[in-house]
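Written out below as C-alpha cells is the structure these notes cover.
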Protein chains: 2
Amino acid sequence: MKISTVKGTNDYLPKEAALRDYLMDEILKTYQSCGFQRIMTPVIEDIENLDKSEGGENLNLIFKVLKRGDKLEKALEAKNEKELCDMGLRYDLTLPLSRYYANNRDKLLSPFKCIQIDRVYRAERPQKGRLREFYQCDIDIIGTYSLTAEVELIATTAQALKNIGIGDFRVKINNRKLLKAILLKAGFQAEELDSVCISIDKLDKVGLDGVKEELNAKGFEAESINKLSEVLSTKPFTLEEAERLCPEEESVKEIRFILDSVKAFNGEFDVVYDITLIRGQGYYTGTVFEVESTKFRGAIAGGGRYDNLIGKFLNETVPAVGFSIGFERIFGILTDVGFQIPDRKKQIAVLYEEKDFIPAMEYARGLRENHNVAMYVKPKKTGKFIDKLQEQGCDGFYIYGQSGEIQFL
Amino acid sequence: MKISTVKGTNDYLPKEAALRDYLMDEILKTYQSCGFQRIMTPVIEDIENLDKSEGGENLNLIFKVLKRGDKLEKALEAKNEKELCDMGLRYDLTLPLSRYYANNRDKLLSPFKCIQIDRVYRAERPQKGRLREFYQCDIDIIGTYSLTAEVELIATTAQALKNIGIGDFRVKINNRKLLKAILLKAGFQAEELDSVCISIDKLDKVGLDGVKEELNAKGFEAESINKLSEVLSTKPFTLEEAERLCPEEESVKEIRFILDSVKAFNGEFDVVYDITLIRGQGYYTGTVFEVESTKFRGAIAGGGRYDNLIGKFLNETVPAVGFSIGFERIFGILTDVGFQIPDRKKQIAVLYEEKDFIPAMEYARGLRENHNVAMYVKPKKTGKFIDKLQEQGCDGFYIYGQSGEIQFL
C-alpha cells in the first residue's frame, strides 16, 4: 500500500495542524466580529451545477465522482464519458454558496453576510504552492447592489489579515465594466474582450511586449493593440485617466466611492485602482479586488462582485459580492518565517511507572484545568524522550512519584 | 441548475453551523487537554489503499474519483471499470491515519496520541440519520500494546461527551479474541467466524430467534447454533461466565483490566462487558468498544484496537487503538432537544442611514471589542427587520444617530 498522500495533497504534522487551526480560528473570529455568520455546504456538488457555473479555466480542473450501481453500468454500456459521473468536488466556495442561497433564502437575512472556511479541489498540475486540495476563507454579502458591501468586505478582510500577523499589504481594485469600456474605446469588439483580458492577465509574467505579441498572434487589429499598449504603459494609470478616456462611465464613480470610503476609515494600508487587475472567473460582473502582500510576493486574497450567478438558480437576479483569503498562501508565508502561535495553552507531559497508572491519571486530571496534559509510561532513556517531547512542542514534564513540581523546558 | 444539495448531504444554516462549530471546538479542546495532538489528512486517498483496507461493508460504499486526461482516455478505451478511477473519498479516518503514521513516523512521538476531526464519505442509501457526507471525531493511540491506551481513550471520550452536554451514557466493551474463543468453543470453524459475527450483529434488530434462523439458513451445525444461543440468552452474560467457558483465554484479563481501571477513576458512567458487541470493521484485532446513550437510542461513539492495519504500510507490526465520536448523531440529539450554546458572544446589529456609513463603521468598530457586530442599512420596515434579526439569533440592535444605547432583545 502507498504511504504518501495522493499528488497535490498534504499530511499535516501536529505543529502544522496547530498553526492551521490557529489561523482558521482567528480568521473566523474576525469575520464573526464583523457580523458575518458561518454556513457550511457539502464538498460534493451536482456535476451540472459545476459545469454551468462560468468558473473560467477552473471548469477544466474539476475532480469528477463516478456514478454507482445500475446507473454506472448503464453509462459504461453507453460508453459515454459525460454520462459516467453525477457529482464533482467543488473548485471554489462561490458556486456552492450561490446554490445554498437559492436553496435557503427564506430562512436567511437580507442582505445575507456569510462566512465559509472550507476545502476546495482543483486538478492542477502539482507544483510548489499549488495544491489539489486546499482551503479558502470566504466572506460574501448577498442581496445588495450597495457599494458599502465592497467596503465592508475590504475592511473585514484587512482586519483578518492584520489579526493573523500578515500586516503589510495593499488592496488593488478594478471594475469589469470600466475595463470593458476602456477596451471598447481602444477599438476591440465586444466578443473579443474575454480573450483580450486573458492576455492582459499575463502582464506580470510576460511583460508589456509579451502581451502585445500575444494579442498580435491572436489576430487583433494593430491600432487597438497600440491604443491598449498606450494605456498599459501609462504609469500610474490613475482613475482620473480612466475617467478622461470614458467620461460617461458610471463605474468610475463606483471605484471612487470604494477608494474614498476605505481611505476615510483606514490609515494602515494602501488601496489603489489597478487597470491590469483581471481575476480569472467568468462570473464577475463589476468590482474585482485583490490583496497583495508588500513583503511577500503575490496575491493573498481576492474577490469580486458576481451579480448574475445566483440568478442562474432562481427566476430573478440577486446581487452578490465576495472576498476570499488564500489560506494556503498565508499558511506558507507564516510557516516560512517561523511564526509562533501567541498565547498557546501549555503542553505538559506526565511520565509514570506502569504500576502508578491510576493515581497518575488522577494527578493529570487535576493539571488539565489549566494545561494540556499527555501521559506517557516513563521510558528507560528518559532524557532522550524528553528531548523528543521538547522537539514536538512540549513545554514541561512531570515524573509521577519523583518530581516535586513541573519541570518547564 | 439544481438548488438542493446532492443526495445524503446537507446545507447548514447559520444557527446549525454555530452549533456544529461549538461541538467540534469543545470536543477538540477536551481531546487536547488530555494530551492528544491534532493532525490533518486529505479527504482523497489512493483507490488501492482504500480497496485493500479491510473496512468491511464500507468498501462497497466508496465514492470513486474519475481519472483525468490521457489516463482517462486509455481507461475508456480499455473499457475496464476498475481502471477508470485512481482515487476515492475516504470512508473513515482510520485508514488515512494508518497511512499517515507510516508516512511520518520519524517525525512523531511514540506512542503517538492524535486527533482527527474531519469529513468522511459513504455512498449509503440516504435515510434519516444516515448521511453520505459526515464528520467523525477520532482519537487514536499508536505504538503501544498497553491496555492503558484503551483506558485513556475511554476516559477522554467520556470527558468530551460530558463537556458537550451528552451526560447519560454507558460504555460497552468486548474483545475480538475472546469472542472468537467462545465461538470456537461452541463448535464453529475458524473460517465461519466472520459470517457468524455478521449474524450476531443483527441481534438488536431481529432478536435471538432471528439470529438463529439466519445461522440455520447459512447452513451452520445445529449444535453450534444451540450452544451459541445458550450463551446469548444468558442475561447478563458476565465476564465470569466467559472465563468459565474459556479459562485459558488471556483476553479475559485484558477486559478485566480495562473494566477495573475505568471503574477506579470514574464514578459517573457504567462500563460493562457485552458479548454481543461486534463493530463491523474487519481490521479490529482485540478490544472493541461502543458508547451508548442511555437517554437517546443507539451508539454515539465506537472504536477498537487494530494492531495489523498500520503494518500493511510498513514492514513491521505497529499496534494501535482508536475511539471515534459519531458527530452527526450527537448533533442530531442536541438539535432535537433545542440545545443552546453556553457563553456565546453577543450578536449586535447596527442599523444606519446610507449617508452615515463611515461614522457608523467607526462606531461598529468600537463595539467589536466585546461583541460580534453586523451593519445593515436601516430598512423602511424597521420593526419587521428587527423581528427577523431576533429570529436569526441576534441579541440586540443599535440605530446609529438615534439610539442612546444598545437595545437588547
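Glycine residues also receive a Cβ, built from the backbone N, Cα and C atoms like all the rest.
Remember, TrEMBL labels are computer predictions, not curated facts.
What TrEMBL records for A:1-342 is domain 'Aminoacyl-transfer RNA synthetases class-II family profile'.
For A:Asp92, A:Leu93, A:Thr94, A:Arg122, A:Gln136, A:Asp140, A:Arg279, A:Tyr283, A:Tyr284, the entry in TrEMBL reads L-histidine binding site. According to DSSP, A:Arg279 (L-histidine binding site) is assigned to coil rather than to any helix or strand. Listed in sequence order, the residues of the same chain lying 6 or more apart from A:Arg279 (L-histidine binding site) and placing their CB within less than 8 Å of its CB are A:Val288, A:Glu290, A:Gly302, A:Gly303, A:Gly304.
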On a count of neighbouring CB atoms within 10 A, which of the binding-site residues A:Asp92, A:Gln136, A:Tyr284 is highest? A:Tyr284
Can you give me the same-chain residues 6 or more apart in sequence from A:Thr94 (L-histidine binding site) with a CB-CB distance under 8 Å? A:Asp138, A:Asp140, A:Gln281, A:Tyr283, A:Tyr306, A:Leu309, A:Gly322, A:Ser324
Looking only at DSSP and grouping its letters into three states, which state does A:Thr94 (L-histidine binding site) belong to? helix
